[in-house]
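Participant: Residues or ranges marked as active site, nucleophile in Swiss-Prot: 51, 54, 172, 175. The disulfide bond feature in Swiss-Prot is assigned to 51-54, 172-175; the stated evidence is sequence analysis. What Swiss-Prot lists as domain 'Thioredoxin 1' is 21-132. Among the features that Swiss-Prot reports, domain 'Thioredoxin 2' is placed at 133-285. For 1-20, the entry in Swiss-Prot reads signal peptide, with the evidence type sequence analysis.
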């Protein structure tokens, strides 16, 4: 009897686990009436796995479920896969003819269609209003600088910084569409001390004079304020991430890829690459002269490149003292170090060292 009870409990636990994905409750004919019982507000997504709009909505729907999880006694975020044979009658019952279809059961077993915007903020506001709750999304720290009259000049007109500014309005559809990629852009350049990704809300009364000053008449307007010119060059290229990144890399003289890692070749200096190639093929006496030649090049480099330049010289001296095997062992050592959870400036430093060491490998 005890064994039977134990097995039954395990089975029930398994069913419970299968009825949720994260904090999104998975509905089926077996549990629909139990969940949508009129005791709480239930927001349901009727979807199909192959539907492109459904796939696009999925991450935000999970955020929505996570946000309402602390008040799950009042609000449930759920979904029904209408592509599953067992669920087709359920989807038909609620007149689902396209995907995704969103419906709210407002402490009732009667559904109301939701036809508003599908952003997290819009959905959150809608459900809060119906359920009389006041939950808020915990937003991740942003690497996009918010501008206002109090900091615009100190950030944008700083001649030591390259600054991309988005002039936007919160109600603007194109601005909303750009927002996720613009956040990724901010993350991509977070470790570049000379590059700033910023935005200013032109709908805010205090900001209108600034937006007018820079000739903003439509949204979003993007302007580049480089170190050499603070007039604000209008950005008129594509708004996809790759185009943004290529533009900023070229304008600012940096070498980032999406997400913030350094691209292959970052930290390399062409003149020193040439000397490195000569160095590995040269005899001992010639190598001494090449070290001096490399140091002369380093001394002539801009301040921001001298750390990398000095590493070329350090590698040359180490090879001269030990052997060319140093390159292989050092690459292995650094690769092992960066394979962990290293990030930020240290990760950049080691990435540049790896790139420089590649220039000493036998061609």
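Residue numbering: from 1, along the chain as shown.
Each Cβ is built from the backbone N, Cα and C atoms, and glycine gets one as well.
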Participant: Can you tell me the CA-to-CA distance separating residue 175 (active site, nucleophile) and residue 54 (active site, nucleophile), as a whole number of Å?
Facilitator: 22
Participant: Taking all residues of the domain 'Thioredoxin 1' (21-132) together, what is their mean pLDDT?
Facilitator: 94
Participant: With an 8 Å cut-off on Cβ-Cβ distance and a minimum sequence separation of at least 6, pull the same-chain contacts of residue 172 (active site, nucleophile), or say none.
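Facilitator: For residue 172 (active site, nucleophile), the qualifying residues are 219, 220.
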Participant: Among the active-site residues listed here, 51, 175, which has the most company in the form of other Cβ atoms within 10 Å of its Cβ?
Facilitator: 175
Participant: Just to be sure I understand the packing, how many Cβ atoms besides its own are within 10 Å of the Cβ of residue 54 (active site, nucleophile)?
Facilitator: 21
Participant: Tally of helix, strand and coil residues over the domain 'Thioredoxin 1' (21-132) according to DSSP?
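Facilitator: Per DSSP, the residues of the domain 'Thioredoxin 1' (21-132) fall into 45 helix, 28 strand, 39 coil.
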